[in-house]
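**Q** The following block contains the structure, expressed as structure tokens.
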């Protein structure tokens, strides 16, 4: 008999709507199943809290002192990935794609085989790699090393990333469509099942449209590292509202509230929230060393609040705002519902990446979900129907008990009430005499 756990009394977020309902999880598989004919072996009362599909990180370079490009040896690298995965569940993240920026070709080939999908005990699932480079426009390099950027007219997918083991880890590539032979690279990547996104680009609207027709499906961190939007020259940012609009990612901690709200409202079903976090996320404010992507000099990175900037200027390297915070920020800036906001960190990403196992709390999907306060703060994270994180201040808020234990405790409570009632009755009788 299957070991089924029932989750009851939860306000489940699905497709931008919130609905009070129950669901059932087969604990042997970790997937949501139809309501069983027999009583479930255990129950969890979600106490009318908001339940959303576990968040996904589509673009994260690192956190808690670990950067994706820092490679010493295989064992150390995998240990660092595990540390990242366990940190992410505290932010409601159930799955992530590690982002590799523009780096040496040899380093791509060394790191990528370690980024094939894998699971970590008690942590978020690694779903693969997002290669943000090296086919980017040096004029829009951002924090990337322009000297390492490649021209697609002079290189191929195989010559950059390596053999099949390395290529199998890549799930997304960000490139600039105006570079020579970019359209052919887009077609090549798309045939391999790799999602192509446009970013770090000086392309105009028409060039972006041709890239979409060639197979590109997304825009990377809209407004950042691309031509500014204007009424006469919208650039690739203008594709957000086109008839066949691509998905688009936003760094919610970096944009003006009006720009964030306007872009989200242009196409809510295609909006994706990313952190684009680097290794300083989760660390204290201060000055830090650079790394392979940023020249390795003392005090070459400065973290202040949610931003990381380069030494000697205010060029932003990254935001350190988590996806959890981005969800709350989007809701605050746009006035959307919490269910609409969480969609941008879960369901929309799963749809973009053709992931039919995640992104929704429904039958046939993994039982990966996050419990939220009405304000959007992460209270708990559940993966495969098991709780892997609970906010420290909530240690007793959602006590989980086995169903038989629940009955036993209820029986004990009833017995205590009967004993107290009998004692009170006897005491009143003594006083009457």
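Keep in mind that glycine also has a Cβ here, set from the backbone N, Cα and C atoms.
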**Q** TrEMBL records 132, 221 as Zn(2+)-binding residues. Which of 114, 200, 231 is assigned to the same site?
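**A** Of the residues offered, the record points to 200.
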**Q** Using the centroid of the Cβ atoms of 132, 200, 221 as reference, list every other same-chain residue with Cβ within 8 Å of it (recorded Zn(2+) site), in sequence order.
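**A** Not counting the recorded site residues, we get 59, 133, 136, 142, 144, 174, 197, 199, 220, 224, 225, 276.
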**Q** Measuring CB to CB from residue 200 (Zn(2+) binding site), give everything in the same chain under 8 Å that is also at least six residues away in sequence.
**A** 132, 133, 136, 137, 140, 141, 142, 144, 174, 176, 220, 225, 226
**Q** By the count of other Cβ atoms within 10 Å, pick out the sparsest of the recorded positions 132, 276.
**A** 132
**Q** As a test of the contact definition, list every same-chain residue at least 6 positions from residue 221 (Zn(2+) binding site) whose Cβ is closer than 8 Å to its Cβ.
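**A** 59, 199, 249, 250, 251, 254, 274, 276 - these are the non-local Cβ neighbours of residue 221 (Zn(2+) binding site), listed in sequence order.
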